[in-house]
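Taken verbatim from TrEMBL:
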- 46-424: domain 'Major facilitator superfamily (MFS) profile' (DOMAIN)
- 47-65: transmembrane segment (TRANSMEM)
- 85-103: transmembrane segment (TRANSMEM)
- 110-127: transmembrane segment (TRANSMEM)
- 133-149: transmembrane segment (TRANSMEM)
- 170-193: transmembrane segment (TRANSMEM)
- 199-218: transmembrane segment (TRANSMEM)
- 249-273: transmembrane segment (TRANSMEM)
- 285-307: transmembrane segment (TRANSMEM)
- 314-333: transmembrane segment (TRANSMEM)
- 339-362: transmembrane segment (TRANSMEM)
- 374-396: transmembrane segment (TRANSMEM)
- 402-420: transmembrane segment (TRANSMEM)
């Protein structure tokens, strides 16, 4: 008996009682090792924190869209008043360039902390009271949170990751946009059905407290523009690449304005068009919105996998051309629901492809002032959205047809291509 027990212990040194804790400890050890592994210039835990933070920020921004009627009923206000909160939240995004200058002077980590602090305050204001003006103020502060955090996280990642791999890095970060829809919207629907319209913001408040504490422990971004600053990054001819003159950078930012104006011009009325033309109900539109989110996710992953080899400027050009072609298709598919759905999904894919490709491109135009220009880019992004949101409904009301809206968006993308042809080419970008 004793020898048999000894043999079993040699063959299997773990008892039934000890194997459970050993297995858990082993999993924790592996997880900790992976969190410490450096990937594209940053530790795994840093990537996880930044992507999780972006998911939470994006969820706070996107959750109101499908549940705006529930919010209006909960506050006892009209849908128009609820829409005014959304508009005010978007408009404060125009202040992004001011916060970009702040992050440039104080460090990109300071921008990350300020953005999450704004999120914390905004969620507190939204959940602390049912008063319309307090909630309105919360939405305004929420707009400041995204205006500060989004350019700051792009700058922080760009400072750690060389230009050769930056599309992969920013593509991974930007996948948080679609992830916030897939993860956040179903969860928010369950919370609202159970505990009321403001329950998602209570969850976001708790997450913001944790994210602020975790972000405080992040290392500062490298100084001098990152691992490949302007003074050391080489062009194809071997000459040093200086910062691009600011007047030429504005041409690149004009591309952002044009493509966002054109896309918002379509997106703001596509639901009304689908309802009137094909008789789709709210449930069908909600399902289709999920398909659009899937297209966005595929585009973000495509950028991460392809654009570093293709070239950021080429990727941006490809996305703009593909989006314009999708707008053109929409003018010919007014009699086929399947064709209309396919065209809209193609539009979502190519638009997101162009947007995510633009971030690494713009990040290298002036590495020593990266935060300022990425924040300025965000401000023009917001301005394009605001103008498109005004023009699209006006055209729909005047013409009652989708064709003029799509044609105007095509013109906007052609203008974007014109600006891009005159915009600068960063060092290391293929000719």
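Note that the numbers count up from 1, one per residue, in the order the chain is shown.
Each residue, glycine too, has its Cβ placed from N, Cα and C.
All annotation found in TrEMBL is predicted automatically rather than curated by experts.
Quick caveat, the model's predicted, so the values are computed rather than measured.
Counting same-chain residues at least six beyond the ends of the transmembrane segment (314-333), those with a Cβ under 8 angstroms from any Cβ of the stretch are 167, 255, 259, 262-263, 266, 299, 303, 306-307, 339-340, 342-344, 346-347, 349-355, 357-358, 361, 402-403, 406-407, 409-410, 413-414, 416-417, 420, 430. Using a Cβ-Cβ cut-off under 8 Å and counting only residues 6 or more beyond its ends in the same chain, the transmembrane segment (133-149) has close neighbours at 53-54, 57-58, 60-61, 64, 75, 84-86, 88-93, 95-96, 99, 102-103, 111-112, 114-116, 118-119, 121-126, 375, 378-379, 382. Between the transmembrane segment (374-396) and the stretches 85-103, 170-193, 199-218, 339-362, 402-420, Cβ pairs under 8 Å are most numerous for 85-103. The list of residues near the transmembrane segment (47-65) in space but at least 6 beyond its ends in sequence, with Cβ under 8 angstroms from a Cβ of it, reads 35, 39-40, 71, 82, 85-86, 89, 112, 115-116, 119, 122-123, 139, 142, 145-146, 149-150, 153, 156-157, 172-177, 179-181, 183-185, 188, 200-201, 204, 207-208, 211, 214-215, 218. Sequence-distant neighbours of the transmembrane segment (85-103) (same chain, 6+ residues past either end, Cβ-Cβ under 8 Å): 61, 64, 68, 110-111, 114, 135-136, 139-140, 142-144, 146-148, 151-152, 155, 371-376, 378-379, 381-383, 385-386, 389. By number of Cβ pairs under 8 Å, the transmembrane segment (339-362) is matched best by 249-273 from the list 110-127, 199-218, 249-273. Taking pairs at least six residues apart, the transmembrane segment (110-127) and the transmembrane segment (285-307) share fewer than three Cβ pairs below 8 Å and do not count as touching.
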